[in-house]
Structures are given as C-alpha cells and as structure tokens.
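Only one structure is covered here, and it is reproduced in the block below.
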Amino acid sequence: MTDKLFRLECGFQNYDWGKLGQESAVAQFISNSNPEIEISSTTPYAELWMGTHPTKPSFNYNTSNKLIDIISSDPERYLGSHIAKSFNNDLPFLFKVLSIEKVLSIQAHPDKNLAKLLNQNDPKNYPDNNHKPEMAIALTKFEGFCGFKPLTEIHYYISNIPELLNLIGGSESLNYFNQNIQFNSNSPINKKILKLLFSNLMNSNQNDISLNSTNLIKRVQSNPEIFQKFDPDLPILIKTLNKQFPNDIGLFCGCLLLNYCKLNPGEAIFLKAKDPHAYISGNILECMASSDNVIRAGFTPKFKDVNVLVNNLTYNYDSVENQKLKPILNNNNRLILNSNENENENENNSLKLYNPPIEEFEVLEINLSHPNHSLNFKKFNGPSILITTEGSGFIKNLESNQQFTCNAGYIYFISANLEIQLISNSSNFTSYRAFCE
Ligand SMILES: NNC(=O)[C@@H](O)[C@H](O)[C@H](O)COP(=O)(O)O
Ligand SMILES: [Zn+2]
C-alpha cells in the first residue's frame, strides 16, 4: 500500500504561448524535479499539471503508479470519506503552474450543465463533463483580461473609437446603448445590451476585422491619448498583442471590452464559470475544478466556438479591483497545529489562504522566512497537493516520521487526515498547498 505522503512526477503542456526553454518556470520546475528531462531552448513550456485529470495525469515519482490508481485503491485513505463520497472517489481539483510568454485565448469555461452538453456533443473539444471555475495566483508580475469592463468605460470606448463602433453594429448600436443602458445598476437590460454588442463584434467577418484592426493600430499610433483614459499602458498592449496575433478579434473584445488586470506577486483573481478572460503574461499558479473544458473565441490557433461563447457568458461587468481575490493572512488556528519557533521568528513566517467561493479547492501559500523554522499542520479533512516554488526544506510525515526533501519544483501528494511538518533549511522557503476539505 502506498504511503499517505509521497512525491509526484507531473506532466506538462507545450502550448504555443508558453515561455521558451529555461525562461519558463515550468521548465525550471520539471528539470529541477527530474534532471533526466531534456529542456529544449526553442520549445515553449506552458503548463505543469498536478492532479488526476486524464489529459495529463500525475504519477507516483518512485513507483510510477498513476495517482488516480493509488487513490482508487483506497479512496477513503487518500481522499478522506467526505471528499471521496462528494467527488466520486477522485481528486476534486487540478493544480497547475503556467508560464506565459504570449496571450492565451479569449475564453470562458462552462458551468456543470453546459459542460455535460458540450462533452456529449463534442467530446473531442470538450474532454470531460465538469465545470472549470479557476483561480490564478501571481508568482511574478502578471497581466490578464478578466471580466467585462465597467459600463462607463465600455461607453467611452464605443463612443470614441470608430473601429470598435463599426464592428459592434455602428451608430444604431450606440443609440440602442445610450437609450437603454442603466449605469450604476445590475439591471438585466444591461447584460442584454452587452450581449448584443458582443455578439455583433464576435460575428464580424474577417475582412471587416482586418480593415478595422489596421485602422485601430493607426489610431493608436496617431492618437494614443484616446486609449489612455483609464490605463496609460493600453496603447502598448494593443500594439504588442497585434504583433502576436495580427488583425485578431481579440484586439477589440479583449483590449476594449474586458478589464486589463495587472497583478503583483501574491495577488490573485478568481474566474467563475462563464466569465470571459485571457491571460497575457507572467508566471502563475492556477487551481481549478478538475476539468480541461475551454470555450475559445480569439487570440488562438485552436478550435474556436464563438456562438457557444457568445451565448453562454455571464455578461457581468465590474472594476478590476473587484475581480481580485484577497487572501486571508496568517489565519493559523484552522490549519496549523503549532510552530516550533519562538515568537519573533513567527512574525517573519507568513501564511496566505486563497479561498474562492467554491467547494473544490483552496490554496495556502506557506513562507518560512529563515532556515530551521518549522510549521506543523493539522490533519486536513481532504487531499492536498503541495509544490515548492522557492528555497529548500523538508516535508515530514508526522505519523511515520519519514522526511523528504523539498526543492523548487518538487511536488507531493498529502493524503487526508495526515499531520505533516514543513521545515526550512534556506531563507524564503516557499510552498503552495492546494487542498479540499
Ligand atoms: N485561464 N487558463 C486556463 O483556463 C488554463 O487552465 C487552460 O489550460 C488554458 O487557458 C489553455 O489555453 P489555450 O486554450 O491554449 O489558449
Ligand atoms: Zn481559463
């Protein structure tokens, strides 16, 4: 029988938008964890997958047994009875590292009902029947599009950028917007108006998109100030993304209709199912319900399902600040047993709990600031996956007293109902523990 704490060997995706070679945090982590893996300097290393999802399943590092097979051998032992019953004897979440060089697709993820339908009708493009709410935690500076801009900002862009107006239906659409929008309200009419404008835009023909993209870039070059009313960096972003995906509809639906969100390390965003988004740059940890269902509509060479996206978005609109997920700081009592260190050391360690409003996952960032600090964790009523991203230390099974090394890129599965200890042997020993209980 496999121990309740064991190291994982995880798979990775070479999507085109990933950072190249050793520039990629994904490449650094996989080659740190397994030096036999050759890293090619011309290959993008986009995503590291930690979990049981069949698209890229994880394995026991020492025995090469599949994680899902270990769990299936005794779901209560590895998941705990509550999680085993609630999630059909499988791991509820998929935990990833993303290292982003180029913009990802303009996308949204289905809720459970839509996922079932899409998986039934088109299993090739929608490989499972699960929803995919997701959270991104910035490891470096990160940029991304998330959710529709506030209505006042959308009104400004459709009123001042003719190329956008041309693609959303011209002056007729602008009049409809002006006569019906209810600013500072959550009225359903606002979502109806947003959906009409977005549908017109996303169903534009490529000739119109190319013509208006060319003119948009000219306008950005000649009158950048028009684009800088809400963010001084928008002109540079539009030019950068046009270089990555020339004359793409994403220049309009992403840059001019979605929030341009910038995160500093440690900040996070949570995307509910059906929220439009597209990540632009940076290294992040991403945690999601265990699914690979992505509905795409721009900035991508992959399969686009424009009508499914247009007909299924939430059409929520809000400020960037309100899209961010604030972590709970140093809330020790729920998760920590005790810490073998004196008071002043305690002040330097930090715990940040990212707990989005869904049941599948939470993520705890654990930072032990100096060598020879340690933290003892209570038994969690469910499974965890822990990855070390910085520094080095050890993880100890407090039942068997077995201890294992943690270096950047090392990943461990921690079964339910197991007390573990983390011990640092460097400064800034940082790990992230995704869990469900
Ligand atoms: N927002 N992030 C995600 O949903 C990731 O988990 C997905 O795996 C990526 O979006 C996949 O991106 P492409 O389909 O290659 O554009
Ligand atoms: Zn996504």
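Counting starts with 1 at the first residue shown.
Each Cβ is built from the backbone N, Cα and C atoms, and glycine gets one as well.
Small disclaimer: the values here were computed from a predicted structure and weren't measured.
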Request  = For the Zn(2+) site that TrEMBL lists with Gln107, His109, His277, give the additional residue from the candidates Glu76, Glu134, Glu267, Glu286.
outcome  = Glu134
Task = May I ask you to report the DSSP-based helix, strand or coil state of His109 (Zn(2+) binding site)?
result = coil
Request  = Rounded to the nearest Å, what's the C-alpha distance separating Gln107 (Zn(2+) binding site) and Arg296 (active site)? Just drop the number here, would you?
outcome  = 4
Key: For the domain 'Phosphomannose isomerase type I helical insertion' (171-258), the mean pLDDT of the predicted model   = 97
